[in-house]
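Chemist: This is the structure I want to talk about, given as structure tokens.
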Amino acid sequence: MKMTPFSVVILAAGKGTRMYSDLPKVLHPIAGKSMVKHVIDTVKQMDAKQIHLVYGHGGDLLKTHLKTEPLNWVLQAEQLGTGHAMQQAATFFADDENILMLYGDTPLITAQTLTRLIAAKPANGIALLTVELADPTGYGRIIRQNGSVVAIVEQKDASPTQLTICEVNTGVMVASGASFKKWLSRLNNQNAQGEYYITDIIAMANQEGYSVQAVQANTLMEVEGANNHLQLAALERFYQQTQAEKLLLSGVSLMDPHRFDLRGSLQYGKDIQIDVNVILEGEVKLGNRVRIGAGCILKNCVVGDDVDIKPYSVFENAIIGNKAQVGPFARLRPGAKLEAESHVGNFVEIKNAHIGKGSKVNHLAYVGDAEVGENCNLGAGVITCNYDGANKFKTTIGNNVFVGSDVQLIAPVNIADGATIGAGATITKNIAENELVISRVPQRHIQGWQRPTKKK
């Protein structure tokens with residue numbers, strides 16, 4: 001049976017007072033991505049006809065953050081409740097489509113659950129997403145009669161008997177566009193909060209003889225919202241634990257799944273070993289037999305087979321070839337590319353530079369805007385001086401070059417194959433193939449030198 005076309009409304013107008021932040025609540029991140037972006041990405045998996053986003057507080061920030069998303073922006077100038085928010089969007093509803101109502105601060109909702117909910121919607125009726133809570137305090141209670149939902153009563157309006165009910169409303173629902181428009185036009189704000197409750201349409205549907213069905217979410221956390229940083233942290237931990245469990249079951253070795261964060265997507269081969277406190281951000285791809293030491297951060301990186309990344313190294317937009325060794329305490333900045341079997345050691349920074357196969361930069365060096373050939377050795381303290389305060393220049397180093405300790409290479413400069421540069425040199429001119437270059441102040445010996453003494 002063909003599914004009725006549907007559109008989505010995401011409510012994202014709230015300020016989030018309890019966040020104590022200038023950032024709109026829905027822009028606070030889970031796993032490095034805003035809560036509302038999680039919801040949008042979930043909806044985009046479902047082939048929705050249109051996504052309406054109801055905004056209010058921090059609208060300019062929201063529009064900047066979501067400028068590339070296919071959204072219809074709907075302004076809610078005053079925040080007068082969920083029903084009022086839906087009223088602002090109702091003018092865009094087609095009568096013959098279903099409308100799925102979601103919240104921008106419930107980031108872990110799944111496409112599978114939402115698909116079940118849409119499939120459960122009765123003709124001309126409503127399907128609600130509910131959940132059972134051990135402590136339902138603060139949530140709207142589901143009132144049933146003969147199995148069907150007849151009302152949702154908010155905490156402040158509930159009777160003592162109704163307060164004992166543990167099945168609660170998640171706020172997520174689906175109905176036809178025609179039904180929503182009809183019921184939304186009848187809402188009033190005669191309640192303790194003086195707001196327009198979307199939940200009042202449940203009673204309207206029942207009065208007209210239309211069925212209201214409830215579908216329960218698979219887990220509480222997928223429908224849990226975040227109104228403060230404590231709840232936000234709980235969602236983050238649940239999300240990270242879920243990601244860690246998926247990786248463990250897929251063969252990835254995590255030394256401690258409670259001390260691992262995935263803030264993006266990960267592609268991986270076999271026999272991956274990840275130590276504690278590793279953070280993977282953006283799009284990360286790991287080959288086979290990759291080892292990542294404790295405390296490393298990788299963002300938007302491609303890592304080949306048999307790579308050993310030692311502890312406390314930080315990489316961003318870098319490519320690392322097979323059998324390379326990096327770290328500890330190494331930094332690869334955007335544009336760094338290490339070929340196979342290369343070594344980058346402790347306290348080395350590589351930026352917008354290509355390190356050739358088998359080359360080594362093992363200690364306390366900076367290589368920026370550079371091309372380094374194969375089987376080179378750059379000693380401790382080597383610096384490519386690539387910036388004159390206004391412009392950047394390139395250093396080119398051929399194959400089989402040896403650069404001694406504490407050498408400054410003043411770009412632009414070319415070092416040909418087989419060259420050797422003595423320690424302490426400052427190189428300002430090109431060096432020919434197989435040349436030895438020494439540039440240092442002659443050593444002086446002063447006999448009988450007396451050191452200064454402190455005055456008493």
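Just so you know, glycine gets a Cβ as well, placed from its N, Cα and C.
Reproduced below are the annotations present in Swiss-Prot:
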| type | residues | note |
| --- | --- | --- |
| ACT_SITE | His363 | active site, proton acceptor |
| BINDING | 11-14, Lys25, Gln76, 81-82, 103-105, Gly140, Glu154, Asn169, Asn227, Arg333, Lys351, Tyr366, Asn377 | UDP-N-acetyl-alpha-D-glucosamine binding site |
| BINDING | Asp105, Asn227 | Mg(2+) binding site |
| BINDING | Ala380, Asn386, Tyr387, Ser405, Ala423, Arg440 | acetyl-CoA binding site |
| REGION | 1-229 | region 'Pyrophosphorylase' |
| REGION | 230-250 | region 'Linker' |
| REGION | 251-456 | region 'N-acetyltransferase' |
Chemist: Counting across all protein chains present, how many other Cβ atoms fall within 10 Å of the Cβ of Ala380 (acetyl-CoA binding site)?
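Modeler: A count of 18.
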Chemist: How many whole Å apart are the CA atoms of Arg333 (UDP-N-acetyl-alpha-D-glucosamine binding site) and Asn386 (acetyl-CoA binding site)?
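Modeler: So the alpha carbons of Arg333 (UDP-N-acetyl-alpha-D-glucosamine binding site) and Asn386 (acetyl-CoA binding site) sit roughly 15 Å from each other.
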Chemist: Give me the largest Cα to Cα distance among Ala380, Asn386, Tyr387, Ser405, Ala423, Arg440, the residues the record lists as binding acetyl-CoA, in Å as a whole number.
Modeler: 23
Chemist: Quiz question: given the binding-site residues Leu11, Ala423, which has the greatest number of C-beta atoms lying within 10 angstroms of its own C-beta?
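Modeler: Within the set of binding-site residues, the most crowded position is Leu11.
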Chemist: I'd like to know which of the binding-site residues Arg333, Arg440 has the most other Cβ atoms within 10 Å of its Cβ.
Modeler: Arg333
Chemist: Across the region 'N-acetyltransferase' (251-456), what does the mean pLDDT come to, as a whole number?
Modeler: 97
Chemist: In sequence order, what residues of the same chain, 6+ apart, have a Cβ less than 8 Å from the Cβ of Gly104 (UDP-N-acetyl-alpha-D-glucosamine binding site)?
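Modeler: The answer is Ile10, Leu11, Ala12, Lys25, Val26, Met35, Val36, Val39, Leu53.
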Chemist: Would you mind reading off the Cα separation of Glu154 (UDP-N-acetyl-alpha-D-glucosamine binding site) from Ala380 (acetyl-CoA binding site), to the nearest angstrom?
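Modeler: Taking the Cα atoms only, Glu154 (UDP-N-acetyl-alpha-D-glucosamine binding site) lies 68 Å from Ala380 (acetyl-CoA binding site).
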Chemist: Which of Asp105, Glu154 has the fewest nearby Cβ atoms, counting only those within 10 Å, among these binding-site residues?
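Modeler: Output over binding-site residues Asp105, Glu154: least Cβ neighbours within 10 Å is Glu154.
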